[in-house]
Amino acid sequence: MFNWVKTAMLMAAITALFIVIGGMIGGRSGMMFALLIALGMNFFSYWFSDKMVLRMYNAQEVDETSAPQFYRMIRDLATRANLPMPRVYLIDEDQPNAFATGRNPEHAAVAATTGILRVLSEREMRGVMAHELSHVKHRDILISTISATMAGAISALANFAMFFGGRDENGRPANPIAGIAVALLAPIAGALIQMAISRAREFEADRGGAQISGDPQALASALDKIHRYANGIPFPTAEAHPATAQMMIMNPLAGGGIANLFSTHPSTEERIARLMEMARTGRFE
């Protein structure tokens with residue numbers, strides 16, 4: 001229930017941002033047009049944002065025939081978590097990473113890069129995918145996917161206002177300062193993501209994933225490897241769509257600038273420390 005409230009609040013905040021931008025671009029008529037666009041985007045994001053994100057990453061669906069070991073691993077973990085079998089996707093990227101998407105557990109999908117399959121052992125891979133299924137189980141994936149697509153749309157609209165300017169309700173060119181102000185709304189979109197996708201949720205998914213797999217040490221080892229490789233291997237698609245970075249198990253962006261803006265992940269060191277404490281005590285709290 002809490003995530004439904006959080007999703008509604010996120011949609012309302014983004015709708016308000018669309019209206020503000022519309023007003024700066026086209027006055028009162030721009031506000032009305034932006035409201036209609038926002039309502040359409042909210043509807044689209046709820047029903048289709050998962051498909052959009054998978055298409056952005058050119059994710060290819062696999063099954064037991066095309067990726068037998070990986071597919072069976074997901075099926076086993078989903079059974080352990082008492083979840084429906086999600087759709088399974090692979091992304092042809094060298095950087096090791098993974099994410100989950102979908103509006104609920106009955107319409108969920110998990111995706112992993114080909115790079116992560118090369119880098120991690122089977123045991124570590126189970127830890128990673130259990131983490132993603134924990135996001136599914138706790139219904140984190142709807143707000144993650146909606147915030148990613150809507151924040152991208154906000155940034156695009158803000159950039160449009162910056163470069164093409166706007167008109168007031170009398171048809172006169174808008175104040176150029178307003179265009180600059182609109183452009184500043186792109187960072188606000190990033191801030192919205194940080195508010196909506198709290199770092200506490202990553203800790204919770206680590207804990208839940210450790211419970212599902214029964215092996216917190218495997219996830220800790222996987223996070224250490226992913227962190228080291230992710231810092232040295234670019235992820236062009238994630239860099240082109242930085243609002244989607246918060247969906248990944250590890251921030252796929254290089255340090256600085258945009259990476260800090262969209263940094264919704266807690267430090268890898270702290271995540272590993274918590275997992276190792278779980279392994280030491282046997283308590284998943």
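Just so you know, glycine gets a Cβ as well, placed from its N, Cα and C.
According to Swiss-Prot, the feature transmembrane segment maps to 7-27, 29-49, 146-166, 177-197, an assignment based on sequence analysis. The feature Zn(2+) binding site is assigned by Swiss-Prot to H131, H135, E202, with sequence analysis given as support. According to Swiss-Prot, the feature active site maps to E132.
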Seminar exercise, completed: Within 10 A of the CB of E202 (Zn(2+) binding site), the number of other CB atoms across every chain shown is 21
Seminar exercise, completed: E132 (active site) has its Cβ surrounded, within 10 angstroms, by a count of other Cβ atoms equal to 29
For this session: May I have the list of same-chain residues other than H131, H135, E202 whose Cβ is within 8 Å of the Cβ centroid of the recorded Zn(2+) site, in sequence order?
Result: A100, E132, S134, D140, R201, E204, A205, D206, G208, G209, I249
Seminar exercise, completed: Counting across all protein chains, other CB atoms within 10 angstroms of the CB of H135 (Zn(2+) binding site) number 25
Seminar exercise, completed: Taking all protein chains shown into account, the Cβ-based neighbour count within 10 Å for H131 (Zn(2+) binding site) is 27
